[in-house]
Amino acid sequence: MEISGAGGLFSTYSICSNAAGIAGNLCAFVLFISPIPTFRRIIRNKSTEQFSGLPYIYALLNCLICLWYGTPIVSPGIILVFTVNSVGAVFQLAYILIFIIYAERTKKLKMLGLLFGVFAAFAAVVSISICLFQPPNRQTFVGYLSVISLISMFASPLFIINLVIRTRSVEYMPFYLSLATFLMSLSFFAYGMFKQDPFIYIPNGIGGVLGIIQLVLYWRYSRPNEEPTRPLLESNA
């Protein structure tokens, strides 16, 4: 009876862990597709106009590092971190390639250089982690890099939060993206807690707090007739 009870508890624990990870993947997918209207406009106008490609460069590097952290050779048992960042990397790479195609020559060359720089940095991370580190030190090394990368991505929501407070307007903070960001962070925070992995739950805990702040600001500053006009991930140069 004790063995059966332990098995049932383990099964429930595993189901809850996987459910949190899958929920995080689904919420992340909403964020990944959010720039699509921007790139439809770029393709339609055959110009990148004043849009910046840097957010997608940063996002690609972040996805690649976190993807590597989620691989079994680095961190066994967290495959859902690998899947979400694999999908994210594909989306970010597609956005970058579209940006390069329609950018003017100066921006095109800059973006190509940054793209090669991202791949070079990722190759260096993979090589160093394999050649110089053995488990579990390999997981620790890549884990710290993934946390640094994730925390650097918080610059965008912090900028948006500051903008909303200064302008007292949620024009640049769509509700559904703020909600998706919060739910994704909350889901992966839970996933990290179930997996007892601080490299997952610490940055996502911070992201969850920022998501709550965004939702509170939306409630505080939203007006009945005001509709957000630009996605959160869209950035001007």
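Backbone N, Cα and C define each Cβ position, glycine as well.
Record features, source TrEMBL:
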TRANSMEM  12-33  transmembrane segment
TRANSMEM  54-71  transmembrane segment
TRANSMEM  77-102  transmembrane segment
TRANSMEM  114-135  transmembrane segment
TRANSMEM  141-163  transmembrane segment
TRANSMEM  175-194  transmembrane segment
TRANSMEM  200-221  transmembrane segment
Worksheet item: Short question: which residues 6 or more past the ends of the transmembrane segment (77-102) have a Cβ under 8 Å from it?
Response: 18, 21-22, 24-25, 28-29, 32-33, 35, 39, 42-43, 46-48, 51, 53, 56-57, 59-60, 63-64, 66-67, 69-71, 108, 111-112, 115, 188, 191, 195, 197, 200
Worksheet, complete the sentence: In the same chain, residues at least 6 away from the ends of the transmembrane segment (141-163) whose Cβ sits under 8 Å of its Cβ atoms read 55, 58-59, 61-62, 65-66, 68-69, 74-75, 125, 128-129, 133, 172-173, 181, 197-199, 202-204, 206-207, 210-211, 213-214, 217, 232-233, 235
Practice prompt. Would you kindly check 12-33, 54-71, 114-135, 200-221 and say which stretch has the most C-beta pairs under 8 angstroms to the transmembrane segment (175-194)?
Written response: 200-221
Worksheet entry | Contact set, same chain, for the transmembrane segment (12-33): CB under 8 Å, 6 or more residues outside the stretch | 78, 80-81, 83-84, 87-88, 91-92, 176-177, 180-181, 183-184, 187-188, 190-191, 194-195, 233
